[in-house]
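*Asks:* In case it helps, TrEMBL gives these features for our protein:
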- 93-342: domain 'Nucleoside phosphorylase' (DOMAIN)
- Arg133, Arg177, Ile178, Gly179, Thr180: phosphate binding site (BINDING)
- Gln256, Arg258: substrate binding site (BINDING)
Amino acid sequence: MFHFLQPKNKTNVLGRETKSVYQNSMKTSLLRKELKIMAPILLNVGNESTDCLEHGLVHVKNPHLDFMEEDILYHFNLGTKTHNLPAMFGDIKFVCVGGSANRMKAFAQFIFKELELKGDCNDIDDICAGTDRYSMYKAGPVLSISHGMGVPSISIMMHELIKLLHHARCRDVTLIRIGTSGGVGLEPGTVVITDTAVDSFFQPQFEQVVLGKVIVRSTQLDENLAQELLQCGKEIPNLPTVLGNTMCTHDFYEGQGRLDGALCSFSTEDKLEYLRKAHKAGVRNIEMESTVFAAMCRVCGLKAAVICVTLLDRFKGDQISTPHELLLEYQQRPQYLVSHFIKKHLGLHN
Ligand SMILES: O=P(O)(O)O[C@@H]1C[C@H](O)[C@@H](CO)O1
Ligand SMILES: O=c1cc[nH]c(=O)[nH]1
């Protein structure tokens, strides 16, 4: 099913040339050597098609699903036989995801008010109440879902979300991750719209181990959507917004070069050198989900964006010592931006 990709370069929104996944894999091995990090056992470059959606429908890329009588979305506590998914979710146009269940509930209530939907925002129930893995709230055409922390957690959620949108026969859906991050040379509170999601080697790719082989997928996001969101950020007063690359790591402490974890084998200068390299590669913030989120959306032809606020400047420290109230205010910034964007799309702006 997987063939080798023909390398093909592209230009991104900043006018920079982006390398093909194949070329990036080669670069990654060199960088791994430079950083004295073990190379992956095998690199297999997949060419899963990323064709545009037929009539805007959400396409899953799994032929086995067609032969299943029932699909149980176990971690959502939903299923094709137990729930009428088209009736429940068929009108969804925007899906916003973020790590914390409380944040995503607050966002659902906020967007409910912003869209002036009928009823009481406090009555929005958790659709996934039957499981405590993820929380899911619906406010009109907006779905708000928590994904927990890190790649494995968001990846499970994304499999079930994409299948849910497919079973519900949703059309023209936009997915946006609204999260928090560590800034790289930015004032805390800056909102970063991801240009390209990159891995710990600053490469725009996500590696997934499948049947003992490493599949490499591109993490390219929708350039027009990122530009549109940047414009929305500019239209909101006092919302510092920038476009930059987002580095996705598999750990908050050692993986992000922190000196304050339970384990640390590097010096302050090593950390700063790595951050300087990241900054030079266009990285403006660090978080833990963007690459797999971008890669899965891309393969399934879904429009996607990542918007994360920075909680601190990693050049200046590691501990998040910002007062709780200010952290809450920071977390709301991507929500304001997304609300502005959604309202614009629904023609609700005055
Ligand atoms: O969406 P959130 O704010 O949870 O994303 C970042 C990345 C990790 O999941 C987490 C670490 O604190 O925050
Ligand atoms: O430094 C940070 C802050 C939030 N989330 C991260 O992943 N890193």
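We number each residue from 1, going along the chain as drawn.
Cβ coordinates are placed from backbone N, Cα and C, and glycine is handled just like the others.
Nobody curates TrEMBL annotations by hand; they come from automatic prediction.
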*Asks:* Once the chains shown are all counted, how many other Cβ atoms turn up within 10 Å of the Cβ of Thr180 (phosphate binding site)?
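*Replies:* Cβ-Cβ neighbours of Thr180 (phosphate binding site) within 10 Å number 22.
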*Asks:* Quick one: largest C-alpha distance among Arg133, Arg177, Ile178, Gly179, Thr180, binding phosphate per the record, in angstrom?
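*Replies:* That value is 20 Å for the farthest Cα pair.
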*Asks:* Listed binding-site residues are Arg133, Arg177, Ile178, Gln256, Arg258; which sit with C-beta under 6 angstroms of ligand 1?
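*Replies:* Going through Arg133, Arg177, Ile178, Gln256, Arg258 in sequence order, none turns out to be close to ligand 1.
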*Asks:* Just to be sure I understand the packing, how many Cβ atoms besides its own are within 10 Å of the Cβ of Arg177 (phosphate binding site)?
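*Replies:* Result for Arg177 (phosphate binding site): 27 other Cβ atoms within 10 Å.
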*Asks:* Measure from each Cβ of the binding-site residues Arg133, Arg177, Ile178 to the atoms of ligand 2 and list the residues where some distance is under 6 Å.
*Replies:* none
*Asks:* Under DSSP, is Arg258 (substrate binding site) helix, strand or coil?
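*Replies:* Note: Arg258 (substrate binding site) is coil by DSSP, not helix or strand.
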*Asks:* Where does the mean pLDDT land for the domain 'Nucleoside phosphorylase' (93-342)?
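*Replies:* The answer is 98, the mean pLDDT of the model over that range.
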*Asks:* How many whole Å apart are the CA atoms of Arg133 (phosphate binding site) and Arg258 (substrate binding site)?
*Replies:* 28
*Asks:* Should Arg133 (phosphate binding site) be counted as helix, strand, or coil on the basis of DSSP?
*Replies:* coil
*Asks:* So if I draw a 10 Å sphere around the Cβ of Arg133 (phosphate binding site), how many other Cβ atoms end up inside it?
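*Replies:* Its Cβ shell of radius 10 Å holds 18 other Cβ atoms.
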*Asks:* Calculate the distance in Å between the alpha carbons (Cα) of Thr180 (phosphate binding site) and Gln256 (substrate binding site), and round it to a whole number.
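*Replies:* For Thr180 (phosphate binding site) versus Gln256 (substrate binding site), the Cα atoms are 14 Å apart.
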*Asks:* How big is the Cα-to-Cα gap, in Å, between Arg258 (substrate binding site) and Gly179 (phosphate binding site)?
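*Replies:* Rounded to a whole number, the Cα-Cα distance is 19 Å.
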*Asks:* Give me the Cα-Cα distance between Arg177 (phosphate binding site) and Gln256 (substrate binding site), rounded to a whole Å.
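*Replies:* For Arg177 (phosphate binding site) versus Gln256 (substrate binding site), the Cα atoms are 20 Å apart.
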*Asks:* Give me the long-range Cβ neighbours of Ile178 (phosphate binding site): same chain, 6+ apart, Cβ under 8 Å, in sequence order.
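*Replies:* In sequence order, Cys96, Val97, Gly98, Arg103, Phe107, Ile307, Cys308, Pro334, Gln335, Val338 meet the Cβ cut-off.
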*Asks:* Hey, how far is Gln256 (substrate binding site) from Gly179 (phosphate binding site), Cα to Cα, in Å?
*Replies:* 16
